[in-house]
């Protein structure tokens, strides 16, 4: 039925080819628009409205929706979350695909003298399972690593290690800023874009920490290159993410070009097809050692509430010198179906007021409350509903919304299986701090490499 509609009502049949060509927009770092494919379903309008961004507006039928003012996407309030691409049934809106470029670089790595490194986000290990026709939430970590090695990557590292590193830095920052107003997490690039474009007055409240991808990129580019005895530019670093906004993040001036390309889970799936790699048939492989160890606290970053839970596991011990009485804060900060979750957590004799929020509409509601006087010490924000497991680069389809909680449960299951579930128990990070990062979280060396700045972009 959909294919028949596409043939009958696509923009290419209603508009001259010259006009259709004018309706291709490649201005965004993350999202492509090809309105020659548009069937006028307006799902992108609804998706963007549900994010409280309203970048798209309906046009007069029979015409495609357009951006407000018909501006290039990069000149709108688009935060690159990709929720419009997730719901587009005909790929009129889709992520900028880097998969062919990556595979070509891998094939020519010896000629180009490149050392090829891949890093993988928490949600990828459950998301790629769906691309291989496995049940949503299946843990395919070992097979994922093996597939990347089969593509030709020399090293495969874990962005979860970067997530643990983020907790060490962000948790330390939180303790230093208590009593100074609300501190917001900075892990989600869509949320960071939203602050810079829509809520610039909140820039002082953002954590200065880079995202796990940003931290991993900096450490691998500038520290792992030293271990190998090569120049930083000799490393070709590709990040596999559930998120289209990560493509935009690596273009930020503040991140210094540490990562060369970002591929979404959907692009990863295309690479499996192009290289004829059967994920299900691969024997499990391990991450490489320099940046391959993670705790359960890093694993749960992909689910809304996971960053907060990992931070609380760290903060209690850092503040009191004693292990947190609870490792799991499921009743307090795991939002489940709720888009906003609030809790009061005891910390060293004080009450810490925290909140977890995901999805643009819920974010707008919570920000409105905070501006009206509601007080919070720490707020975790994820632009995509459900967090990274609902990211704009995850597998599409009718079951997308139903699969989001299954993916989250897959990550929590990985967490429960770990011997170490608190980021401060990551031995790899202890060695990195001792040898390369100034000895402790919050050091001058760590701040120079792992933190960032923000600027208004209204």
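Cβ coordinates come from backbone N, Cα and C, glycine included.
Marked as domain '4Fe-4S ferredoxin-type' by TrEMBL: 29-58, 70-98. The region 'Disordered' annotation in TrEMBL covers 437-458.
Sequence-distant contacts of the region 'Disordered' (437-458), counting only residues of its own chain at least 6 positions beyond either end whose CB sits under 8 Å from a CB of the stretch, comprise 165, 168-169, 171-173, 176, 186, 192-193, 195-198, 200, 203, 206, 208-210, 214-215, 218-219, 222-223, 252, 254-255.
With DSSP states grouped into helix (H, G, I), strand (E, B) and coil, the domain '4Fe-4S ferredoxin-type' (70-98) comes out at 9 helix, 3 strand, 17 coil. Summarised by DSSP class, the composition of the region 'Disordered' (437-458) is 7 helix, 1 strand, 14 coil.
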